[in-house]
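Notes for the one structure printed next.
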């Protein structure tokens with residue numbers, strides 16, 4: 001087991017509610033780490049509708065999903081949160097009163113006094129492409145997110161998909177990889193036009209390959225890939241060298257391992273009390289779309305409210321001997337100093 005990373009609060013989910021929780025906790029001198037299965041912050045806002053306008057954030061007539069994410073990231077800068085992206089929490093164990101040990105699928109271990117679940121509708125799970133035997137290579141040669149770019153250096157990399165993730169990683173890994181082959185079922189891409197133009201320029205100059213079709217088979221042994229077969233739309237089959245494969249077929253929402261953490265559930269949601277949005281396990285809170293209570297409305301602004309009340313209760317666990325004096329950012333010089341505005 002790796003050495004534990006110690007923090008006051010561990011937030012599971014780096015969407016808007018998780019990000020704003022950092023702000024509310026930071027005002028109370030509570031440090032936070034955040035874990036998200038996605039390879040970027042913003043949750044559904046950034047992943048599913050980055051350009052979609054949002055009209056119901058108080059005081060902001062219109063903001064896009066990505067715009068809101070960017071503003072929240074700017075707002076929490078003074079508190080220097082640490083992000084662990086492309087990781088999924090697998091286990092939450094109680095080790096003290098208060099105290100929890102949290103383990104991710106990347107083998108990281110955290111020890112904290114409070115856990116905040118801000119995971120939206122659950123964890124995003126990558127869609128597995130329908131390639132026979134692909135499971136044998138997952139985690140060794142087939143990856144659904146890029147954690148360390150360096151592992152792709154001098155490798156023959158096959159990237160499958162036609163959206164922003166596929167094109168972004170095609171362009172980002174191209175300078176490192178021995179050869180990039182992008183595979184998409186049609187010669188029409190959903191990615192940003194500029195990214196598509198860059199990719200086509202690389203193909204035209206012979207610096208990477210584009211194949212229209214689908215990966216139909218994999219070759220290798222002991223979890224190590226050697227080649228991939230690509231079936232074209234004309235039913236022709238081509239075999240290309242493949243050391244690593246990155247399929248980007250989109251994401252589905254699943255409750256995931258939350259069901260194994262000993263927390264009471266109700267219709268795949270986490271019931272909470274409404275004074276601080278604490279779950280059935282003291283010290284574990286749930287805010288945002290993943291929780292449920294009488295009168296619950298799934299709005300971002302409601303999640304912000306839940307985060308503010310959660311932070312007040314979390315302070316009792318982190319600083320049990322310290323009396324909390326409520327202050328306003330408009331008038332408190334100490335809070336303004338924390339925010340860097342005084």
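Just so it is clear, glycine is given a Cβ too, placed from its N, Cα and C backbone atoms.
According to Swiss-Prot, the protein carries these features:
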type	residues	note
BINDING	17, 36, 44, 49, 89, 124, 289, 330	FAD binding site
Next on the checklist: Within its own chain, what residues at least 6 apart in sequence put their Cβ under 8 Å from the Cβ of residue 44 (FAD binding site), listed in sequence order?
Outcome noted: 15, 65, 120, 121
Checklist entry - Does DSSP give residue 289 (FAD binding site) helix, strand or coil? => result helix
Next on the checklist: By a 10 A CB contact count over all chains shown, which of the binding-site residues listed here is most packed: 17, 89?
Outcome noted: 17
Checklist entry - In the structure shown, which of the binding-site residues 36, 289 has the fewest other Cβ atoms within 10 Å? => result 289
Checklist outcome for this item: Going by C-beta under 8 A and a gap of 6 or more residues, the same-chain neighbours of residue 330 (FAD binding site) are none
Next on the checklist: Quick check: in three-state DSSP terms, what is residue 89 (FAD binding site)?
Outcome noted: strand
